[in-house]
């Protein structure tokens, strides 16, 4: 069995357990040096997953983070409090790996829901196991979910995820809708070979079920570093595949800092109208309006999905640092955020961590 190393980038502040000095403002919004304000926090709860999508993980053999390196629920609750009350975070999304594999998920959601001002709380999940927990998550304070689903073709699903779990995901979507975790959004990363066919049926399915589809361009975040720009199924390809089957027009509502470009969809008299979005992270990057900050399952702040440096908050927590020191380290990390991800630059270097160990 081939074992793929997880890979950890350069970590700032790991050894000394103290905040890193910078020119970052000491209070107010969580700014970077280009004037962007981070209000959206992505929190990874685990690097483990029960699917094995090829664009994210190898078929087998990925080393997991040791359990003692992962943040516990009390540590997560404290960092959430600092983020919301001191850094101005207004939206918290829990991710993985697969966050439903984190036993303390409901506890952490409840901790976020108790904060004032209360942030919007959402979850990105593969949907396996969601049907059984959707009601409890809603009771804990979860507002809505995004479910990753790349196709509604069972054979294609099994080929992409290396698991035959499509029925479980569909049940999870229905469970989320029944629990009021709406709008239920579907995140799709399209396979270069089957995606043009899959996206037509996937959009039709989402319109019929009342879900909102988001098609996400595949990014260079796979564990095997096999991503190639010339194999990308980009946003223009997606629209070209859909236009023969649906009437599409741009959503006139202001986009703001949202990553998705939204389209209004008319599918004809037999299918409800709706909307869908395309997140063109590669072909039409939106880095200039990015409002995200990221916390990995092992307590590292990443200013960008494609960062090559991380700032260690777990070390600060476990060294007994006060809220002020943790806040300062977080602000320093975000102040150093690059202008863009650089995917289309000839000198681009893929992050050492795969997506499963960063959080989407």
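Any Cβ shown, glycine's included, is placed from N, Cα and C.
Look at Swiss-Prot and you will find 42, 93, 124, 185, 292, 293, 294 tagged as GTP binding site, backed by sequence analysis. Per Swiss-Prot, the feature [4Fe-4S] cluster 1 binding site maps to 49, 53, 56; the stated evidence is sequence analysis. Annotation comment: Swiss-Prot describes 55, 97, 148, 219 as S-adenosyl-L-methionine binding site, evidence class sequence analysis. What Swiss-Prot lists as [4Fe-4S] cluster 2 binding site is 287, 290, 304, and the listing cites sequence analysis. Taken from Swiss-Prot, the feature domain 'Radical SAM core' applies to 33-251, supported by sequence analysis.
Overlay of Swiss-Prot feature records on the structure.
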residue: 53; record: [4Fe-4S] cluster 1 binding site; contacts (Cβ under 8 Å, 6+ apart): 148, 150, 160, 161, 162, 189
residue: 287; record: [4Fe-4S] cluster 2 binding site; contacts (Cβ under 8 Å, 6+ apart): 304, 339, 340, 341
residue: 290; record: [4Fe-4S] cluster 2 binding site; contacts (Cβ under 8 Å, 6+ apart): 36, 257, 304
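Mapped onto three states, the DSSP output places residue 287 ([4Fe-4S] cluster 2 binding site) in helix. Spanning the residues 55, 97, 148, 219 that the record associates with binding S-adenosyl-L-methionine, the maximal Cα-Cα distance equals 16 Å. Around residue 292 (GTP binding site), taking its Cβ as the centre, 20 other Cβ atoms fall within 10 Å, counting all chains.
Cβ-based neighbour count (10 Å, all protein chains) for residue 294 (GTP binding site) stands at 25. Cβ neighbour density within 10 Å is lowest for 124 among the binding-site residues 124, 148, 293. Residue 292 (GTP binding site) carries a strand DSSP state (E or B). In this entry, 42, 93, 124, 185, 292, 293, 294 make up the residues listed for GTP, with the farthest two CA atoms of the set 21 Å from each other.
For residue 56 ([4Fe-4S] cluster 1 binding site), other Cβ atoms within 10 Å of its Cβ number 24. In sequence order, 49 are the binding-site residues from 42, 49, 294 with a C-alpha within 10 Å of the C-alpha of residue 97 (S-adenosyl-L-methionine binding site). In three-state terms derived from DSSP, residue 185 (GTP binding site) belongs to an extended strand segment. Among the binding-site residues 42, 56, 292, the residue whose Cα lies closest in space to that of residue 219 (S-adenosyl-L-methionine binding site) is 56. Following the DSSP three-state reduction, the secondary structure of residue 97 (S-adenosyl-L-methionine binding site) is coil.
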